[in-house]
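Listed in TrEMBL for this protein:
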{"type": "SIGNAL", "residues": "1-22", "note": "signal peptide"}
{"type": "DISULFID", "residues": "32-49", "note": "disulfide bond"}
{"type": "DOMAIN", "residues": "63-214", "note": "domain 'Cupin type-1'"}
{"type": "BINDING", "residues": "109, 114, 119", "note": "oxalate binding site"}
{"type": "BINDING", "residues": "112, 114, 119, 160", "note": "Mn(2+) binding site"}
């Protein structure tokens, strides 16, 4: 019985380990340039990849992050996220990059989280107020005013934000630990869900008046991209 018990424990540990490493696994080859044409691809490491013999330098490069994004939006900010969809050579490498532009005096990348990535933010221009909130039960806020050259890290899966508190435009670069980090903007998910969440749920959860909840649900919720 002891042997059986040890085997069961070992199996559970192995299963837990497989869950812990289930996202963006380490590649088993030099690269896997993503491709949609099955006739010109080979399957390597479980992915549909361009035949390495046909890979080009263009698969591993992207031009355009020097161009400011359109910040004429409700949030007065714009996120240009570069994933494997725009830069095929990122496929299976577990990284992506974003440029974030903010208008002066309040341009906002609103509270959101990445379900598949941690993030490191580098401020290039302007002054940003950035922070994240820890999970239950503490909900601790870690925040800081960032200047050009400053870095700030947002841990995996935690709600975080950035806002331009300066009088000039701000620019930041974000590096994320997934080729497809995903993003879930908190307000959009709660008040802009499709179909709408029952107002009674939100009234109780957020201690809000039902009319206010219904008004929030009737508004247009946009993403900073």
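The backbone N, Cα and C atoms fix where each Cβ goes, and this holds for glycine too.
Unlike curated records, TrEMBL annotations are generated automatically.
Shown here: features listed in TrEMBL, placed on the structure.
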| residue | record | Cβ contacts under 8 Å, 6 or more apart |
| --- | --- | --- |
| 109 | oxalate binding site | 75, 77, 79, 100, 102, 161, 162, 163, 224 |
| 112 | Mn(2+) binding site | 159, 160, 161, 183, 184, 185, 186 |
| 114 | oxalate binding site | 154, 156, 157, 176, 178, 181, 182, 183, 184 |
| 119 | oxalate binding site | 153, 154, 160, 174, 175, 176, 177, 181 |
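Look at the Cβ of each of the disulfide-bonded residues 32, 49 and count the other Cβ atoms within 10 Å; the largest number goes with 32.
Packing around residue 160 (Mn(2+) binding site) is summarised by its Cβ count: 23 other Cβ atoms lie within 10 angstroms of its Cβ, all protein chains included. One way to see the shell of the Mn(2+) site is to take the Cβ centroid of 112, 114, 119, 160; the remaining same-chain residues with a Cβ within 8 Å of it are 113, 117, 132, 154, 158, 159, 181, 183.
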